[in-house]
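Data first, discussion second: the structure below is written as structure tokens.
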Amino acid sequence: MPGNYAKVGYGWATAALVFMAAVNIYGTLCISKVLLVAPKSVRTYSDLGEFCLGPVGRWLVLITHMLTCILVPIAFLVLGGIICTIMFPNSYEGETWIILMGLSLLPVCLIPTLKEGAFAAAAGAIGTIIADFVALYLLVDNMSPIPAGVSTPSPDVNFDRIASVFGSLALAYGAGIVIPSLQREHSQPERMPRVIFFTLGMISVLFMAVAISGVSVVGCQIPGNLLFSIAGTPTKLGFTANRGGVILANLFMQLHVTIAFGIIINPAFYILERLLLGLHRHLDAIQEIEGGDFQANDTPNAEDKTIETSLNKHDSDEHDLDSKTYRQPGVYPKVAALRTVVISGTVAVACLWKDRLLDLVDFTGASCIAMCCMVLPMVFYLKHFGNKVGKLEKVWAVFAISMSLFLGGYETYQKGKPLFNPPAKAEGPEAWDAVKFNFCPPGSSYTRIVYTNVSYHANFNSPSSL
């Protein structure tokens, strides 16, 4: 998150954060509100798409939702591999750590439902908070106080950089992809809108606090991930952080990444289990009772109590249907095998893209997550509720959809180029003053050496001027 402020400065980054917070909170609420009024047969996000827009809606959701639930975990694997190389330098290469991390993910990913992994999810949330605050403390402690007469460098703001903030923020806020799963398993789904509003609001406050605190001491020289600013002996910023603190921050972030992987990929597991294994088709019998069989009965009064009891029991147990499915004889081994194959595939792709983490994050956020969590939810909401939506709310929704489509399309194109056609790697040893801080103005001395090195910046000659 501090990287966004390093790219475009306080004003643009704060405006982008507020806009993305508003759009994502609204979009996520749209998913929840439509789910609350949808029939019981609507159990997945793609079901919701078909409920609102027919087969076109189902395929739009299915493609973008599946890609999101696969690409985001791949980014987590790449990040996890980098974290392991920071904690254990001069040991294995990144690919080896990614493979080992894939093995460590199996216990988390083989938890059948999100409900059964609720305490693990809470541990992951606490882990990322601790990791960020430990890393932030190490950064601020080692970079303060700022020497007299020296100020933090400012970025060179342009449209490309402003648009790039869209992708990273879309990924950071991408809660919409798991809302159908959470609401399906919630015993009181009517409470979900309040939970969403409070949770995402608190997350936005934490995002801003961490970002401003970090960028205030290093300006545009902060890296894309806060943990990278404290890695190395010395770091790119010239200090050597307490090794215990570095390991602690990375351990807690590794905990978060591991658990987040299992949560984000869970909807993909559910869809594949339905498509390939024929599971999670719970409501066929209920639909017959509610529909044709009941209506076709000439004398239903004799069976009223039996049917009513059956439906009431179904209503009370609906949030546990998935758990009961996994407990059926012979089901779980097939589920475990399928999930293991999917994890193996994500590990293979992560090994190929291990050097393009930031591009992968921005590309995923700008393309799939923007559609899943921002554009489609608002379209579904407007389509279903129609005239019940006020004029001001309609204007806001149309504006948010238009901006999301424009920025998402632009950023997808920009980040797709280096991701699918990566530039050649530089060979040979890196110069001591090679470019390290890409968020600072290109060609300036601040792209090479920490800003507190006053003598270097005073005597710097740009290579273009030689």
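Keep in mind that glycine also has a Cβ here, set from the backbone N, Cα and C atoms.
Remember, it's a predicted structure, so these values are computed and weren't measured experimentally.
According to TrEMBL, the domain 'Amino acid transporter transmembrane' annotation covers 5-413.
If one looks beyond the transmembrane segment (12-38) by at least 6 residues along the same chain, the residues whose Cβ comes under 8 Å of a Cβ in the stretch are 4-5, 45, 47-48, 51-52, 157, 162, 165-166, 169-170, 173-176, 179-180, 183, 189-190, 192-193, 196-197, 200-201, 204, 207-208, 211, 373-375, 377-378, 380-381, 384-385, 396-397, 400, 403-404. Here TrEMBL flags 12-38 (among others) as transmembrane segment.
The feature transmembrane segment is assigned by TrEMBL to 59-88 (among others).
According to TrEMBL, the transmembrane segment annotation covers 94-111 (among others).
The transmembrane segment annotation in TrEMBL covers 118-140 (among others).
Per TrEMBL, transmembrane segment is recorded for 162-183 (among others).
The annotation transmembrane segment is assigned in TrEMBL to 195-216 (among others).
Taken from TrEMBL, the feature transmembrane segment applies to 251-272 (among others).
Look at TrEMBL and you will find 336-353 (among others) tagged as transmembrane segment.
Taken from TrEMBL, the feature transmembrane segment applies to 360-382 (among others).
Look at TrEMBL and you will find 394-413 (among others) tagged as transmembrane segment.
Taking residue pairs at least 6 apart in sequence, the transmembrane segment (394-413) and the transmembrane segment (336-353) share fewer than three C-beta contacts under 8 angstroms.
Contact check: the transmembrane segment (59-88) against the transmembrane segment (162-183) gives at least three Cβ pairs closer than 8 Å, residues 6 or more apart, which meets the contact criterion. With a threshold of 8 Å between CB atoms, the same-chain residues lying at least 6 positions outside the transmembrane segment (394-413) that come near it are 19, 22-23, 26-27, 163-164, 166-167, 170, 362-363, 365-367, 370-371, 374-375, 378-379, 381-382.
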